[in-house]
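Colleague: Just dropping this structure here.
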Amino acid sequence: MKVACLYLAFNLLILASSFASAYDPSLLQDFCVAVNDTNNGVFVNGKLCKDPKLATANDFFFSGLNIPKSTSNSVGSVVTPVNIDQIPGLNTLSISLVRIDYAPNGGLNPPHTHPRGTEILVVLEGILYVGFVTSNPDNRLISKTLYPGDVFVFPIGLIHFQQNVGKINAVAFAGLSSQNPGVITIANTVFGSNLPVNLDVLTTAFQL
């Protein structure tokens, strides 16, 4: 009897997991352009959707990724996102894009994670040292130096980084497998939270 109950519970778990999804939903129509109009929109995946008959080319358009951005900040890099906030037509399409500019001699896109998307990065200019760290208990660094035309993948949820190790500006583009992959910059989150994390917690965690 005990074995039969265990077998039944196991089968129910497998059946339930086959319907579970933690990513952007599958599309059941051509598109679902996000709109802020609460009177005429249909709520889908955190956004209201415009009537498809009212969609225009501008709902699927963004311009300006060819323009370099200033990297004169504390880390020497800047990320230009193209996600659902820039292109409302990305809603429910499970994809987005970023341009990353890096200052010469060490410009860094600091360690961060995307909780909702895998990232694939291609280098257009410069030389980047990139890597990600596997999860506990191994915490293994997987890293490589990339040159123009090289491509590297950062698996969903893992902490990763890119640094310009060349003497000229570097540029990379990255695609992400979510309309809004999110970003958690580790240093900002841990040391810049609102309210601050208790110093005793940080001291013990970082073994200071």
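The backbone N, Cα and C atoms fix where each Cβ goes, glycine too.
Residues annotated as signal peptide in TrEMBL: 1-20. TrEMBL lists Cys32-Cys49 with the feature disulfide bond. Positions annotated as domain 'Cupin type-1' by TrEMBL: 63-203. The feature oxalate binding site is assigned by TrEMBL to Asn109, His114, Glu119. Residues or ranges marked as Mn(2+) binding site in TrEMBL: His112, His114, Glu119, His160.
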Colleague: Please determine which of the binding-site residues listed here (His112, His114, His160) has the lowest count of neighbouring CB atoms within 10 Å.
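Modeller: Among the binding-site residues His112, His114, His160, the lowest count of other Cβ atoms within 10 Å belongs to His112.
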Colleague: Given the recorded positions Cys32, Cys49, His160, which lie close to His114 (oxalate binding site), meaning Cα to Cα within 10 A?
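Modeller: Passing the 10 Å Cα cut: His160.
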Colleague: For Asn109 (oxalate binding site), which residues in the same chain are close in space, meaning a Cβ under 8 Å from its Cβ, but six or more apart along the sequence?
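Modeller: Correct list: Val75, Ser77, Val79, Ile100, Tyr102, Phe161, Gln162, Gln163.
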